[in-house]
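Student: The ATP binding site annotation in Swiss-Prot covers GLY173, ASP174, ARG175, GLN176, THR177, GLY178, LYS179, THR180. Annotation source Swiss-Prot lists site 'Required for activity' at SER377.
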Amino acid sequence: MSEQVALNPSEISELIRKKIDQFSVVSEARNEGTIVSLKDGIVRLHGLADVMAGEMIEFPGGVYGLALNLERDSVGAVILGDSSTLAEGQKGKCTGRILEVPVGKGLLGRVVDALGNPIDGKGPIESSGMSPIEKVAPGVITRKSVDQPVQTGLKAIDAMIPVGRGQRELIIGDRQTGKTAIAIDAIINQKGTGVKCVYVAVGQKASSVASIVRKLEEHGALEHTIVVVAGASDSAALQYIAPYSGCTMGEYFMERGEDALIVYDDLTKQAWAYRQISLLLRRPPGREAYPGDIFYLHSRLLERAARINADEVEKLTNGEVKGKTGSLTALPIIETQAGDVSAFVPTNVISITDGQIFLDVDLFNSGVRPAINSGLSVSRVGGAAQTKIMKKLGGGTRLALAQFRELEAFSQFASDLDDATRKQLERGQRITELMKQKQYSPLTVAEMGVSLFVVEKGYLDDVPVNEISSFEASLHDYMRSTHAALLHAINEAGAYDNEIEAKLKKAVEEFKNTGSW
C-alpha cells in the first residue's frame, strides 16, 4: 500500500511565501500596437497610444512604416518597403525616431534609393552620419541674399533667365519638351566649379534613370552628383519621401559652407504619389482629388533651398568653418498637360518658386532647342547674380525676342512691312537661331559672352540665318585657338569694360575677315 503524503497547512503557506519571495518581474516598456488592417501598402494599427506624427514604426522582419494618420482609436501608417511579410494580428512598435537618411561626401558618385540604400552595386556607402528627412527651413535672419550665379552653360538661360545660388527656379512644360535635358546640362556644367549636385528621379522608368546615370558618367559629372531614385515600380510612399531625402543630402553641403544644386524630376509625380497615399488613408479629397495640404507638401520642400550666411554656417559646424556662406539651389520640374500652367499643382509651385523656365511644345517641334518661351519665362532674383558681361550683353536679347514673337504673329497678316519692322524681324530670327544649343554641350561664360557680343553689335546682320550655327562654332574655335588669354580673363572675372569690348571687337572683325565659316 502506497504511503500517503500529508502536508501541513503551515508548510503550504511557507511554500507560497517562498515562491512569492523568489518571484521577479522583468518588464520592458514597449508601446505596441496590433495590425487590424493591411492593404495597398497602408497599415492600420490599434493600441499605439503614444505614437508621434511622422514617427517610424517597426514591424516583424525589419520592415518599417511611417505614421501619417493619428486617429482616436487607430493609427494609419504607410509601409516603406515590402509589405508581403506582414499580416493582420502582428505587432508594430514605436521606435521614438523619425525617418533619417545617410548624408556626407561618401554619397557622391552613387545611386541610392529613397531611404539612402545603395542600388548601384558598388558596395556599402561610407556616410558621415544620419540626418532627418524633414527639417525646418532656414529663417529670414540666417539667410543671405542671392548674389552669385549658377551657370547652366545654356545661353538662353544664363542670358535671359539667370539662376542664382540659393534660388528656386521651376522648369515647367509638357512631356517630351526637354525639361530633364536642361537639368542634366546644368549638372554637367557644374564640373570643376565645386558645386555638388543631387538628382532626384521620382516615378521614372528604370531605363530612363540608367541612361541619365550613364550620360553623367560619360561627361565626368557623376563624381560630384548623388542620384536618388524612387522609380515607377517603387511604392507611392518611397516616391513621396524621395525629394525630402535628396534635399537632406544636399543640405549637408549647404550647412558646411559649400554650394549645392538639387533637381527634383519631377514634383508632379510626387504629388500624384501623395494623393494616392492620402486617398488610401481616407483623408478628405479637395480640388482634383488632392488632399488639403498639397501646397504644404511642396512649400516645405522648396523653402529649404536657400543661401545661408557665414554666421549660420559657423554655428552649424561648431566653429569649424568660418567666413563661408552655403547655398542649396533647387531646380524643380513640373509636367503640364497640354500646356495648361493654370492647373492646380503647376500654379502652386509657380507661386512657391522664384521664377520659371517655360518650355513650349511648338518651339520644340519647330527645332528651337532648348524650347524656352522667353515671354512666359522669368527669373525673379537671378538678375542680381548675373556676371557683368552677361548682364550687359544679354539685357537686350530678351526684349528683342519678345518683340520678335509679337511682330512675327502680326507680320503673317501684313503684306508690306516697313524697313524698321523688317530689320527687327531679321534680328529676332538671328537671335532665335543663336539661342539654339545642342544637348550635353554647355558653354563657358566667355563663349556665351562672345556669342551675345556678335548679335548685340550687329556682326550677324550679314550672316545668312541658316549659317549662324556654323558661324558660331567656327568663331568659338577661332577664339579658343588665337585669343585664349582673353577668354580666360572673361571666365575668371566675368567683367565687361571698354578694354574687353575693344578686344572682342578686334577679334570678331579679324575672324569675319577670314571668312572661314
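Sequential numbering from 1, following the chain as shown.
Backbone N, Cα and C define each Cβ position, glycine as well.
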Student: I need the CA-to-CA distance for ASP174 (ATP binding site) versus SER377 (site 'Required for activity'), whole Å please.
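Tutor: It is 14 Å, counting Cα to Cα.
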Student: In this structure, which of the binding-site residues GLY173, GLY178 has the fewest other Cβ atoms within 10 Å of its Cβ?
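Tutor: GLY178, out of the binding-site residues GLY173, GLY178, has the fewest neighbouring Cβ atoms within 10 Å.
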Student: Given the recorded ATP site (GLY173, ASP174, ARG175, GLN176, THR177, GLY178, LYS179, THR180), which additional residues of the same chain have their Cβ within 8 Å of the Cβ centre, ordered by sequence?
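Tutor: What remains near the Cβ centre is GLU335, LEU359, PHE364.
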Student: Drop a 10 Å sphere on every Cβ of the recorded positions GLN176, THR177, THR180, SER377 and tell me which sphere holds the fewest other Cβ atoms.
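Tutor: Among the recorded positions GLN176, THR177, THR180, SER377, the lowest count of other Cβ atoms within 10 Å belongs to GLN176.
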Student: Least buried of the binding-site residues ARG175, LYS179, going by other Cβ atoms within 10 Å?
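Tutor: Least crowded of the binding-site residues ARG175, LYS179, by Cβ count within 10 Å, is ARG175.
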Student: For ASP174 (ATP binding site), just count the other CB atoms lying within 10 A of its CB, please.
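Tutor: So the number of other Cβ atoms within 10 Å of ASP174 (ATP binding site) is 17.
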Student: With DSSP assignments reduced to helix, strand and coil, which class does LYS179 (ATP binding site) get?
Tutor: helix
Student: Given GLN176 (ATP binding site) and SER377 (site 'Required for activity'), what distance in Å do their CA atoms have, once rounded to a whole number?
Tutor: 18
Student: What does DSSP call GLY173 (ATP binding site) in the simple three-state scheme?
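Tutor: Looking at the DSSP assignment, GLY173 (ATP binding site) belongs to a strand.
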